[in-house]
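Enquirer: To start, I am sharing the structure in question, which I have written as structure tokens.
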Amino acid sequence: MFLPFCEMSWGLLVLFTYKAPNAQTIFGLRFFLGLFSSAFWPSVVALIFNWYTPAELAVRVACFTVCDVAGAMFLGALQAALYRDMNGVHGLAGWQWLFIISGAVTVGQGLLAFVTVPDSPANTRALYLTENEKRLARERMGNSGVNTSKRIPASVLKMKLRKLIVHPITYFYLFSFAFGAWAHRANSYFVLYLESIKDAAGNRVYDTYQVNILPLGGYALQIVTNVGLNWLSDWKRWRWQISVFSAAAHGICLAVLCGWPSDHKVILAFYFLTYGTNAGSPSLMAWMAEILRKEPEARSIIVAMTVTIVYIGHATIPLRAFRVADAPRYPVGFPLTTAFTVATILVQLGMLWWDRRHPEMAEYGYEPALSADVSSDGENPKLADAETVQAGTDAKAANTNFAKEL
């Protein structure tokens, strides 16, 4: 219910933006739009963590990520078409039609989500899944050693939150993802660069329609590299390798943009390549989910924390790094994002070092010594609160079997 409600709410806010009489109204609508939409991305990632095994995660997260990119491609094409064909229709400007159509589509998707969002395998009530399919989903995750989300007592949640706040993996992931996301902010100004290109006579090389169309090539490249490299990540289990490689390639592109070559075609080429180097985040998320396979609550909360930090950076960093007065060279922005790329690589290597020294984290989660708490009759109250419900058993039976295996 939560995800569909959020999606419908922000869809309505988008739709009614077309009627905004002034900038203050738009500011208010955008505030609430951000409030509702901010919950969507981490919630969907949490769903993916609950339904796919570690060997399947990276490409699934990549597919979800590139859906956003495909949406941006569609929106760019739609924006260009509306500007060309519907500007002035029924007394509305092209940009107003853009908000109407985007909002209506989002509301429709929100209505559909009421019957398509499956929750967790432990408590799913999805109408399109049979009981055998629900049991199979629980068995798949259990056989992979992954705990899925379920209702837990408040005391257990508080305990997990305390451990999450002080645990190193939280900050390794948070800062590696945030630095990478901030580094990729650099290609957000590609459109402004296209608008700034002038010919010898001082006229714009690309008109408004072309400016809306040209970035679509970058989005297409991003889709191909995201799915391809993260398929490789799942196949070979190359988590840190794909993530670090993508960050390093992005750093090279940014270093070229820092130098700002005299030929605008070279700048265009490396601007486009920055889209193709955005494939590391799904592998990074899959890596974090593997390490925290026993901690479903921590996985979800850490992703939400990371999104919050990233949005704060996106809202504040450009105020100094990508000022309009500095366009299109951005003497602060490009060096800063290059530094962010170096930082994310270093933090990820630190995460690799920590992971190799603490393999018990993936095996036991936040409680590496659970076996010491198992009583002689096989009961374990901590496990009763923390373990995933296995197919065909209740919580007590699952804990008893686990204790016997120990």
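Glycine is treated like the rest: Cβ placed from N, Cα and C.
Straight out of TrEMBL:
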DOMAIN    1-362  domain 'Major facilitator superfamily (MFS) profile'
TRANSMEM  27-49  transmembrane segment
TRANSMEM  61-83  transmembrane segment
TRANSMEM  95-117  transmembrane segment
TRANSMEM  164-183  transmembrane segment
TRANSMEM  213-232  transmembrane segment
TRANSMEM  244-262  transmembrane segment
TRANSMEM  268-289  transmembrane segment
TRANSMEM  301-322  transmembrane segment
TRANSMEM  334-354  transmembrane segment
Enquirer: Honestly, do the transmembrane segment (27-49) and the transmembrane segment (213-232) touch, with at least three Cβ pairs under 8 Å and pairs 6 or more apart in sequence?
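Expert: Between the transmembrane segment (27-49) and the transmembrane segment (213-232), contact is absent.
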Enquirer: Are the transmembrane segment (61-83) and the transmembrane segment (301-322) close enough that 3 or more Cβ pairs fall under 8 Å, when only pairs 6 or more apart in sequence count?
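Expert: As far as Cβ distances go (cut-off 8 Å, pairs 6 or more apart), the transmembrane segment (301-322) and the transmembrane segment (61-83) do not touch.
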Enquirer: If I count Cβ-Cβ pairs under 8 A between the transmembrane segment (164-183) and each of 61-83, 213-232, 268-289, which range comes out on top?
Expert: 268-289
Enquirer: Where does the mean pLDDT land for the domain 'Major facilitator superfamily (MFS) profile' (1-362)?
Expert: 91
Enquirer: Which residues of the same chain, at least 6 past either end of the transmembrane segment (61-83), have a Cβ under 8 Å from a Cβ in it?
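Expert: Distant contacts of the transmembrane segment (61-83): 44-45, 48, 94-95, 97-98, 101-102, 208-209, 212-213, 215-216, 219-220, 222-223, 226-227, 229-231, 279, 281-282, 285-286.
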Enquirer: Could you tell me what the rest of the chain brings near the transmembrane segment (268-289), counting residues at least six beyond its ends with Cβ under 8 Å?
Expert: 45, 49, 54, 57-59, 61-62, 65, 169, 173, 176-177, 180-181, 184, 186-187, 190, 193, 217-219, 221-222, 224-226, 228-230, 233-234, 238-240, 242-247, 249-250, 253-254, 256-257, 299, 302-303, 348, 351, 355
